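As annotated by Swiss-Prot, Zn(2+) binding site applies to His564, His568, Cys676, His680, with the evidence given as sequence analysis.
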Amino acid sequence: MNSVNNIRSTFLDYFHRNGHQVLSSSPLVPRNDPTLMFTNAGMVQFKNVFTGLEQHLYKKATTAQKCVRAGGKHNDLDNVGYTARHHTFFEMLGNFSFGDYFKEEAIFLSWDLLTKEFCLPKDKLLVTVYQSDDVAAELWRKISGLPDEKIVRIATADNFWAMGDTGPCGPCSEIFYDHGDEIWGGPPGSMEEDGDRFIEIWNLVFMQYEQLSKEERVDLPHPSIDTGMGLERIAAVLQGVHDNYDIDLFRVLIGASEKITGIKATGDFVASHRVIADHLRSSAFLIADGVLPSNEGRGYVLRRIMRRAMRHAHLLGAKEPLMWQLLPALICEMGQAYPELVRAESLISETLKLEEIRFRKTLERGLGLLNEESAKLKEGDHLNGEVAFKLYDTYGFPLDLTQDVLRRRGISVDVDAFDKAMERQKEEARAHWSGSGEAVTETIWFSVRDQVGVTEFLGYETEKAEGIITALVCDGKIVDEVSSGQKAILVLNQTPFYGESGGQIGDSGIISGEDFIFEVHDTQKKADGVFIHLGKVKSGHAKISDCVQLTVDVVRRKKIRANHSATHLLHEALRQVLGSHVTQKGSLVSPERLRFDFSHPKSVSLEELKKIEDLANEIVLQNNKVTTRLMAVDEAISEGAMALFGEKYEDEVRVVSMGAPLEQGGLKKHWSIELCGGTHVERTGDIGLIHIVSESSVSAGVRRIEALTGAAARLYLCRQDVRIREISDLLKTSSSDLEERVRSLLDERRKFEKELNDVRKKMVLNGKITESGQGDITIINGLSFMRHIVKNILPRDLKALVDAGKKQIGSGVVAFITISEDGKGSAVVGVTDDLTDKLNAVDLVRILSNVLGGQGGGGRSDMAQAGGPDGNKANEAFAALKDFLEKT
């Protein structure tokens, strides 16, 4: 009855029975709100409703909102795993009234749910109200029957909520649960309020004022209600535990990590299991909502979360990537409530696994440096910020990960020195950046907009138009006139020229007046609506207020239209072949080709690429009309239109639909529906043909395809056909047998390479092709030291050579370095069995690696390998090893 899933359902069902519209959780990446890193409260999706910018058909709503607090102002990351109630990911249950009911009904509903639906004892509950909120205090007495001592008045900002310096605001009323006097802590407002005895389980916000300025506050005409209850907190209360990590959901996740690692969640290992369970939730949900690990913004916060969990997996002794193995347990627990987890399972799994594999490569080395530096310190000391920065810059250790490692040792980090090192790096990067060469700063366009207004775009309906010059910019300054030969920027009251945005590049063409001709090389969109036309005056003089003719390069525009429409078809085809986790991560639409970046954890196979291409071309061959509609953004998304997470959209958006309508869930839905402000073909057949020419990696979890359309695609395929015929003739075979012929030649080549390599190995051991420039075997203090520098030997064959060398000398040290064609050096060192108690091959190979410019090395005491980029320093490396042996 009291499982997390049942509690969530009970809450939503209760408010649905009481006239509330049940709405889905909004994404963790807030839509249309650049001020927030992540959705961190239930009211975020209703922010514009509360401020009056939007209106909904319903007046009452209820949600179970997924939230993340791990970046910026709301950052719980450092405390997660070490306290009973801190999480990076949590669920916020809420009920909302938009000018419908107010304090009395909000208080009644909350008390009714807690005491009748959840059956909490009344004597275990107490509430707080804002000090001057007599109405709320009296309503609590009337509805709950609580005595005055259990209705606590609080004067601090904790009981007064505001959206910002201005905007809706109002007093709060918080509901607390008393865990009993066996747990330390006092009621809210007391000296002991930070204890764990009294836990806030629900916050009711009475939005009744509008803050106009610091000094002025007025009543709202339609007061509203915003409430929030942490699901994990109420679950702990209803399940009779005092710690959120003891509820059923976390017991399942922690049990899964215990089973895989073989380490019980006891003693020093409790925090690690908790960190992994919590961070798995935030990582999985962020990836499902389109965030991928990167080195900036939201992606960097995700990477910090993931790497913190991976470091704790390392503490548990996990030898293989762990988090992806826990994903099935998470989906089993939360997949029904949040189907996006199921849809994105493969993307989440692969992203977790790849990130952990990458980080493991540097984790050991970074921890080695950290242990070495911290060994010089004692409890209470500070780690040098420069060392912390090196860990960040070289080994990928976020600052909070370094702080987390040092926490148990009682050592902190000199954060000021770290910040200075970070700023120094940024300044150096800025100094090396040459800039774009543009003289005009962005601020000038806001000045232009304030003076002449925005530009009306006519390009959806026409490629020719008349207009009036409203502003001229030359050499970074606003001017009244430009003359023949000058590079300039023209702004007009209206234009058919498309300004670069949404991945589609800007139009080019001609602007002409009675006394001038201006070549437009590019068009850009600035300052939320000012279209700027960049180019050169070919003849005459252009002046402010001149009437002009604007003519877009139609041939170029036609190619751009085809490539943009093809991008939409490829996006949908990618989703159908690879899965619904595919989302757009970037694009470039030019006349020559299109480029599309998308979320996917691994390379796309040739077979998958063919399916994607065939699907897109099927829609091209349908030759159906491409439709565009203007509609409300919420309506468009409810009809299935794809929107980009984090993209800011106006209240009214342009929806582009392509492909014959299909029956889906009783509704007819076009094959592709996207929110898009770009220019498109009139019919899908106008695209002509789509051909994917390449697929590659952009970054972790992001792939890229490039494609051609129309005549460019046909020309490319014709050239490919000619090339295949020429290669077939060269290999004296037919085009149909070309693949088999190439495979045969590759097999022959591999056979000859093996034979040649075997001969080379024999010659090396016989001393016929060494290039060490010194004696191959030297006696050092009675120890035989054999070394060889060889070329054209594969690194994997060095071990066999070293083994043979050990047999040849009987007792001693053998070292080989091979130099590849690109100049890199690979080294292997062997120590005969009789000397491994005195000499370790790993220590010896690291001497070679340091000189070769590498980092460390690995292996066993009798055989180890390493490498480095400076193969030309092989002789120096051997000299360093010889010097070490002479001193040993």
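Glycine is treated like the rest: Cβ placed from N, Cα and C.
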Seminar exercise, completed: Within 8 Å of the Cβ centroid of His564, His568, Cys676, His680, the other same-chain residues by Cβ around the recorded Zn(2+) site are Ser565, Thr567, Val626, Val656, Met658, Glu674, Gly678, Thr679
For this session: Work out the three-state DSSP category of Cys676 (Zn(2+) binding site).
Result: coil
Exercise. Looking at Cβ-Cβ distances, which residues of the chain lie under 8 angstroms from His680 (Zn(2+) binding site) while being 6 or more apart from it?
Worked result: Arg561, His564, Ser565, His568, Val626, Thr628, Val656, Met658
Exercise. Which has the fewest other CB atoms in a 10 Å radius around its CB: His564, His568, Cys676, the listed binding-site residues?
Worked result: Cys676
